[in-house]
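Asks: Reproduced below are the annotations present in TrEMBL:
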type	residues	note
DOMAIN	18-354	domain 'Orn/DAP/Arg decarboxylase 2 C-terminal'
DOMAIN	23-266	domain 'Orn/DAP/Arg decarboxylase 2 N-terminal'
MOD_RES	Lys49	N6-(pyridoxal phosphate)lysine
BINDING	Gly218, Tyr356	pyridoxal 5'-phosphate binding site
BINDING	Arg298, Tyr302, Glu329, Tyr356	substrate binding site
Amino acid sequence: MTESQLLQTVEEFGSPVYVYDADKIESQYKRLTNAFKTVKHLKINYAVKALSNISILKLFNSFGSGIDTVSIQEVQLGLAAGFKADQIIFTPNGVSLDEIEEAAKLGVKINIDNLSILEQFGTKHPKVPVCIRINPHVMAGGNANISVGHIDSKFGISIHQIPHILRIVENTKMTINGIHMHTGSDILDIEVFLYASEILFETAKQFKNLDFIDFGSGFKVPYKVGDIETNIEELGEKLSTKFNAFCKEYGKDLTLAFEPGKFLVSESGYFLTKVNAIKQTTSTVFAQVDSGFNHLIRPMFYGSHHEITNISNPKGRERFYTVVGYICETDTFGNNRRINEINEGDVLCFKNAGAYCFSMASNYNSRFRPAEVLWFNNKAHLIRKRETFEDILNNQIEVDFSIKKEKPMVN
Ligand SMILES: Cc1ncc(COP(=O)(O)O)c(C=O)c1O
């Protein structure tokens, strides 16, 4: 996306605004499928939670992608976007049996990560095949909140509990059609994937009716110039070789599945804000923008880095700024950043704003959530309107306090 396209978007749709580049999403999708081109059956299930706008889902549908969902609402969104039920996998954690049954009724693939739920589901629905999410006890991921495959994690069924899974399968006569793992996000080292894949292959050998093995996701994307990223091409080559050898041994061409969020959409997104005020204190120059962690929580939540540039003055002299929001708590987007000179009214652009940005936005401080715009075919398409005051009041119910109390209140 060019700076002039971004500025044009703010002019047309106002600020703050999320902007996504459809070409970048498509090129990431192609890069991933190309890396695994020697695998006969490959399935990419886009992780809806990363960015769940229905137009983004429709875009993925147009590529032939499937989707990975974690709530019944995401399943419903996927169906509304036109995905066939068998193109949707439901990978929840900590949800009720009722919710899993509701998803199964809709015909989507079911992924279970809890022995108790597995036993109950298998007993009631032995004819519905399910995938098992394994916890391989691998410590991987960019930080503690997004490392989900280690021994203390709430996710997955421990590899040490495989005998228990097998007993449930034998007793209920249910079918296990897939084995899955997801160890974390922002995994740098492809050796982690390769090591965990060995565990998955060993596990898979114990299940005779598999259709697919799902390696989850966790690919790290670059957040700044020169940043390290997961080497998808190398991973593709090495993992495909291992996978193809495993299929030979297993006696069936299984599907190799992934469910990336960040890799597919992070770099496609830009968050554009306007500078409300410059505030010089004794130690710092703050640039205060018309947004806060209500719209982009990752820096405050995970300490994530988003590059920030001044697209109104890209040739200006570089100075140091701390970029903050308007929330009534500390909401720092970036500390001591070298940015081209900022004037009040300038447009600041936050990069890597495609994944876990709008989808984690809230109405905190009773602010409107921003508009979302998708650039597709060289044209800006509004894909979500900016909220209005009606949206803030929507679903709130007012109590009539003017009704006289019958009896005085007693302590
Ligand atoms: C089960 C599961 N699959 C896939 C993803 C997507 O991960 P990423 O955005 O790092 O690709 C997540 C992220 O939380 C997840 O929990």
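Placed from the backbone N, Cα and C atoms, the Cβ positions cover glycine too.
Each of the listed features needs to be described in terms of its position in the shown structure.
Replies: Sequence-distant neighbours of Lys49 (N6-(pyridoxal phosphate)lysine): residues of the same chain at least 6 apart with a C-beta under 8 Å from its C-beta are Val70, Glu74, Gly261, Tyr356, Ser359. In the three-state DSSP classification, Lys49 (N6-(pyridoxal phosphate)lysine) falls within a helix.
Its own atom aside, the Cβ of Tyr356 (pyridoxal 5'-phosphate binding site) has 25 Cβ atoms within 10 angstroms in the protein chains shown. Reduced to three states, the DSSP call for Tyr356 (pyridoxal 5'-phosphate binding site) is coil.
Within 10 Å of the C-beta of Tyr302 (substrate binding site) there are 16 other C-beta atoms, taking all protein chains into account.
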Asks: I'd like to know which of the binding-site residues listed (Gly218, Arg298, Tyr302, Glu329, Tyr356) lie near ligand 1, counting only a CB under 6 Å away.
Replies: Gly218
Asks: Note down the number of other Cβ atoms within 10 Å of the Cβ of Arg298 (substrate binding site), including every protein chain shown.
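Replies: There are 19 of them.
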Asks: Note the mean pLDDT of the domain 'Orn/DAP/Arg decarboxylase 2 N-terminal' (23-266), expressed as a whole number.
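Replies: Averaged over the domain 'Orn/DAP/Arg decarboxylase 2 N-terminal' (23-266), per-residue pLDDT gives 93.
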Asks: Taking each of the binding-site residues Gly218, Glu329 in turn and counting other Cβ atoms within 10 Å of its Cβ, which one has the fewest?
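Replies: Sparsest of the binding-site residues Gly218, Glu329 by Cβ contacts within 10 Å: Glu329.
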Asks: Rounded to a whole angstrom, what is the largest C-alpha distance between any two of the residues Arg298, Tyr302, Glu329, Tyr356 that the record assigns to substrate?
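Replies: Comparing all Cα pairs, the maximum is 21 Å.
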Asks: Let me know the DSSP-derived helix, strand or coil state of Gly218 (pyridoxal 5'-phosphate binding site), please.
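Replies: Assignment for Gly218 (pyridoxal 5'-phosphate binding site) reads coil.
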